[in-house]
Amino acid sequence: MFNTTPINIDKWLKENEGLLKPPVNNYCLHKGGFTVMIVGGPNERTGYHINPTPEWFYQKKGSMLLKVVDETDAEPKFIDIIINEGDSYLLPGNVPHSPVRFADTVGIVVEQDRPGGENDKIRWYCSHCRQVVHESELQMLDLGTQVKEAILDFENDVEKRTCFHCKTLNYARPQSN
């Protein structure tokens, strides 16, 4: 039997806000065809997710910043997209993106289940020269845990974090200046 119980988002947030923890801060509400996630802020990550399918963002509380890389030209362009409270945004598939969520913010993200044989990637760009430092490829089976595992793997490996081009040591989490 399929699920017949609606979820009251406001009530769920009051009862479960402790589940939205760094570095990803997400909780999967629904799975099956699509994954519906509640995502809180602040988050602590520098990697860019590359999803082979589109992602839909809805900002329920506060604003967020979606950092994207436009790779349609020979020279990639790093672009910041502000998604304000009440806004929705549909990100096309295969666009590198890094959601920046601020304190006391809440969003909803909907991702389509991946077609067979299509993998997600988590990519880190050098903070100094913007070249690709490391990329992890994974068959996305559990959004609630796999992104976090990729972040921790990068964070714990200095070799993966060191830029081949300029030798800058990069980090999995933003560093205060």
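Every residue, even glycine, has its Cβ placed from backbone N, Cα and C.
Under the heading O2 binding site, Swiss-Prot lists Arg45.
Marked as Fe cation binding site by Swiss-Prot: His49, Glu55, His97. The DSSP secondary structure for His49 (Fe cation binding site) is strand.
Annotation comment: Swiss-Prot describes Glu55, Arg101, Glu111 as substrate binding site. Within 10 Å of the C-beta of Glu55 (Fe cation binding site) we count 21 further C-beta atoms, all protein chains included.
In the shown protein chains, 20 other C-beta atoms lie within 10 A of the C-beta of Cys126 (divalent metal cation binding site). Cys126 (divalent metal cation binding site) falls within neither a helix nor a strand when secondary structure is assigned with DSSP, and so counts as coil. Among the features that Swiss-Prot reports, divalent metal cation binding site is placed at Cys126, Cys129, Cys163, Cys166.
Residues or ranges marked as phosphoserine in Swiss-Prot: Ser176. In the three-state DSSP reading, Ser176 (phosphoserine) counts as coil.
A sphere of 10 angstroms centred on the C-beta of Cys129 (divalent metal cation binding site) encloses 13 other C-beta atoms. Neighbour density at the Cβ, taken as the number of other Cβ atoms within 10 Å, is lowest among the binding-site residues Arg45, His49, His97, Arg101 for His97.
When the binding-site residues Arg45, Glu55, Arg101 are ranked by how far their Cα is from the Cα of Cys166 (divalent metal cation binding site), Arg45 comes first. Using a 10 angstroms CA-CA radius around Glu55 (Fe cation binding site), the recorded positions that qualify from Arg45, Arg101, Glu111, Cys126, Cys129, Ser176 are Glu111.
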